[in-house]
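Here the structure comes first, spelled out in structure tokens, and everything after it is commentary.
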Amino acid sequence: MSWFNVDDDDDAPYGEYADHEVKARPNPKANKPRTKRRPEHADAVVGMVTAVDRGRYTALVPAVPKVKGGPKAQPERVVVAARARELRKTPIVIGDRVQLVGDVSGEEGSLSRIVRVEERATLLRRSADDSDRVERIMVANAEQMLIVVAAANPEPRVRLVDRYLVAAYDAGIQPLICLTKIDLADPEPFLENFAALEVPVFRSAPGAWEDDSPTGVLSQIRDTLAGKTTVFVGHSGVGKSTLINALVPEADRATGHVNEVTGRGRHTSSSSVALRAPTPGAASGETGWVIDTPGVRSFGLGHVTSDGILRGFTDLVPLLDACPRGCSHTEDAPDCELDLAIADGRLDAMGARRVESLRRLLK
């Protein structure tokens with residue numbers, strides 16, 4: 001069984017964007033600065049955006065303890081908000097920390113306004129395809145990306161995982177890999193493709209998501225997610241929603257099956273959502289945030305520069321120091337050190353496949 005299929009369709013166009021993602025078009029003319037002074041909104045409270053639905057944003061506002069001489073204590077609450085008029089061109093996505101004013105009570109029927117988006121630590125982005133320079137902002141402030149892949153049914157796709165890794169490294173996010181359904185196929189040949197990157201890997205088979213599983217893999221994942229915001233990505237049908245339901249039982253994310261004829265999974269998560277994992281990591285005692293995203297079959301990188309793509313191939317980067325100045329590292333690049341390394345045996349068959357994957361993204 002070959003884990004590397006040159007005919008796979010991971011480079012096919014993704015299609016329409018989802019409602020929870022925000023298009024960020026480059027504006028070469030930019031906007032003229034406004035002279036009108038904007039309000040300070042000193043009374044604004046800060047919340048984290050956990051869901052987006054047709055112009056309405058759900059945000060979690062943390063509890064505020066009572067301070068002597070200060071305002072009374074405030075409980076944690078979920079607030080529904082609209083975007084303030086002055087932010088009409090500012091993208092707001094899941095994971096954003098935002099400032100809210102107006103009715104922030106969280107009572108049923110209440111509506112507040114988002115008046116400011118706080119500075120983001122990270123931004124996970126994609127494009128419709130590799131030729132599209134218009135980026136789509138998926139998630140803000142994620143610290144980790146858990147790439148969920150099935151060992152079989154559907155078949156794992158090396159190039160799709162390559163794309164996730166490039167997007168993660170480009171955003172400054174730590175990637176993790178979770179291999180599901182390892183009872184159906186040996187996962188090691190597939191994982192060999194990424195061994196040199198030293199990405200943490202979790203392996204699971206049926207029953208692994210039970211707390212009393214002898215593998216302890218669910219506890220390992222909880223410990224890794226504790227105290228972090230982790231975005232989950234993966235092809236439809238790989239078991240991503242099943243894992244999230246195990247981590248966050250009240251999430252009740254829909255689960256699907258894989259079509260026996262096409263080998264493709266059915267989309268069950270139709271929109272992104274941030275969920276707080278209620279069970280703390282055993283090691284740290286901290287809870288974490290899980291951001292579930294819809295399953296995809298491709299992941300456009302049209303917004304990523306060549307240097308950004310190389311960040312996902314750190315195993316090959318040391319060789320590039322010997323390349324001629326200005327080398328593009330593509331197939332037709334003269335005297336590229338990658339070709340010389342394949343020819344003289346410094347790169348084995350797996351290394352040659354990694355070079356092929358890199359060059360497909362650099363085209």
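Sequential numbering from 1, following the chain as shown.
Heads up, the Cβ atoms here are built off N, Cα and C, so glycines get one too.
Here the structure is a predicted model, which means the values were calculated and not measured.
TrEMBL lists 1-13 with the feature compositional bias 'Acidic residues'. What TrEMBL records for 1-41, 261-283 is region 'Disordered'. Per TrEMBL, domain 'CP-type G' is recorded for 131-299. Under the heading domain 'EngC GTPase', TrEMBL lists 140-297. Annotated GTP binding site per TrEMBL: Thr180, Lys181, Ile182, Asp183, Gly234, His235, Ser236, Gly237, Val238, Gly239, Lys240, Ser241, Thr242, in sequence order. Look at TrEMBL and you will find Cys323, Cys327, His329, Cys336 tagged as Zn(2+) binding site.
Annotation note: Thr180 (GTP binding site) sits in a strand segment as assigned by DSSP.
The Cβ of Val238 (GTP binding site) has 25 neighbouring Cβ atoms from other residues within 10 Å, across all protein chains displayed.
Its own atom aside, the Cβ of Ile182 (GTP binding site) has 17 Cβ atoms within 10 angstroms in the protein chains shown. By a simple count of nearby Cβ atoms, those within 10 Å, the most crowded of the binding-site residues Lys240, His329 is Lys240. Note on proximity: among Cys323, Cys327, His329, Cys336, the binding-site residues of the record, the Cα nearest Ile182 (GTP binding site) is that of His329. The secondary structure of Thr242 (GTP binding site), as reduced to three states from DSSP, is helical. In space, Gly234 is the closest of the binding-site residues Gly234, Val238, Lys240 to His329 (Zn(2+) binding site), judged by Cα positions. Taking the Cβ of Gly234 (GTP binding site) as centre and 10 Å as the limit, one finds 28 other Cβ atoms among all the protein chains shown.
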